[in-house]
Amino acid sequence: MDKKKYIRNFSIVAHIDHGKSTLADRLLEKTGTLTQREMEQQVLDTMELEKERGITIKSQAARLIYKRENGEEYILNLIDTPGHVDFTYEVSRSLAACEGAILVVDATQGIQAQTLANCYLALDNDLEIVPVINKVDLASARPDEIKQEIEDVIGIEAEDAPLVSAKTGLNIEDVLEEIVEKVPAPEGDENAPLKALIFDSYYDSYKGVVCHIRVKDGKVKPGTKIKLMSTDKVYEVVETGVFTPALMPLKEGLSAGEVGYITASIKNVRDARVGDTVTEAARPTEEALPGYKPAIPMVYSGIYPVDGAKYEELKEALEKLQINDAALSFEPETSVALGFGFRCGFLGLLHMEIIQERVEREFNLDIITTAPSVIYKVTKTNGESFDLTNPTNLPPMTEIAYMEEPVVKASIITPTDYTGAVMELCQDRRGKFIDMQYLEETRVVIHYEIPLNEIVYDFFDTLKSKTRGYASLDYELKGYEQSKLVKLDILLNGDNVDALSMIVPEVKAYQRGRAIAEKLKEIIPRHMFEVPIQAAVGSKIIARETVKAMRKDVLAKCYGGDISRKKKLLEKQKEGKKRMRQLGTVEVPQEAFMSVLKVD
């Protein structure tokens, strides 16, 4: 009997908040994978932060056993994927491990940007797509319209799409039937050399790195010597098994078509990269599975401990997070204003926020983070070129021939009423209009090319507020383009605060400088001497604000009396303030570093 016939590998894709994790919970419950006692909300979102924000950050997997009415038993491997645009690569690898994908669409909201993006990823991997319409128990649900929309926009048959409610558990059985009926059984040859895809990996302090794998060909069991194809390192498999979401060891190993995990005393997640191919050391496969890309950081930011003595602890915290997150990179850097810290690279803004929160939460450290910046390519007049991740390292303008910045292709889905507002926002952010298509009478998808550094700060928040939260955004890196950029420095009391430096387009330097100076004026507390806040490009000051000094009323004790007496006291005070200003240092509160981001 060929057991592959009874295996189905599928994942669930959806836009944020369309009910992906809740549907996964119901499927686990329906197939009796977990007892009622173990059942909690969002079982597959294991991180505290995931539960709190209601988002999936790491991919998870579970093995469900489904008995059909005719007595046949099927093994369904569910691979949960993150829905956020920062983790697109992780999603694409999870999808490559499946043969089918359930496309969850919210019956009240319809198709949104991420739905489309993830759906196209699934189509790129030749997956069978099973549409499921969720939240039909809500009064505002419009299942029939949405079916039509799925057919029109994505072009897949949706007439028989199950109408479910993951919250109440309505029609979940239909989803399981659809998976068995529509998703093809895995193919693969058990006797061929081993070929398996790592679609996720994490570090366990007892077992080393646990690799989630999908075996394409061959088989793997404890004792097999395996080789990872991107690094050519060889390990011996210690344990193989499946997920019930918890790890359950299986002595007999995994064979073609199955999804499970292996451990092989690997010390670092970087050695078992997502997307890599595992093969036998003795009998390697000819070629690796396609699509492997090392994770490339898109956004950089400085992280510093508030208390300089905690530098080593911060280093340890980042190292621990890095063990579990191959996409995080960091290197030590020093700042005149903030002391010793690290320059960290992230996949995107959400990834950055999550790492920062985890450092604060899991390691109880107080940190200061600087404004995020993207990677610029700088070419100097002597022909040398380099990647710039930190604005402070920019050479003087006279030595630069030209600079290039990353540009993304953004697709924004919005109700037609807000088309004008969205286009205005994109134009304002130096966007180049490409095209727009109507999805239906009331919704439109707009494509723009926008420089990444315009998106990094607060594009998403502004987009949401301009469209009352209805618009959704998805973007992918298009490449680098030349543009006129300058470095904006902020001087406090005549000293350059390096942590506030940023790179801005020349045309926006004045308004950005003006806005930052005004913002800092509100945030920096008054000192005993006056503090000038200046924004400068090169040696030219383009904006100035002054935080007035606190002063004692030195004339209070003079009642009447001669004017020269008063003058003498005022002069004396002025002298003192001047001396203070030369010696004094300006305290910059933590909010100042963050407020620079929110300037618009």
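Any Cβ shown, glycine's included, is placed from N, Cα and C.
According to Swiss-Prot, the protein has these features:
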DOMAIN    5-187  domain 'tr-type G'
BINDING   Asp17, His18, Gly19, Lys20, Ser21, Thr22, Asn134, Lys135, Val136, Asp137  GTP binding site
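Shown on the structure are the features that Swiss-Prot records.
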{"residue": "Asp17", "record": "GTP binding site", "Cβ neighbours (10 Å)": "15"}
{"residue": "Gly19", "record": "GTP binding site", "Cβ neighbours (10 Å)": "23"}
{"residue": "Ser21", "record": "GTP binding site", "Cβ neighbours (10 Å)": "24"}
{"residue": "Asn134", "record": "GTP binding site", "Cβ neighbours (10 Å)": "30"}
{"residue": "Val136", "record": "GTP binding site", "Cβ neighbours (10 Å)": "20"}
- prompt: If H, G and I count as helix, E and B as strand, and all else as coil, what does DSSP give for Ser21 (GTP binding site)?
  reply: helix
- line: On the domain 'tr-type G' (5-187), the mean of the pLDDT values is 76
Task: Can you tell me how spread out the GTP site is, meaning the largest CA to CA distance among Asp17, His18, Gly19, Lys20, Ser21, Thr22, Asn134, Lys135, Val136, Asp137, in Å?
output: 17
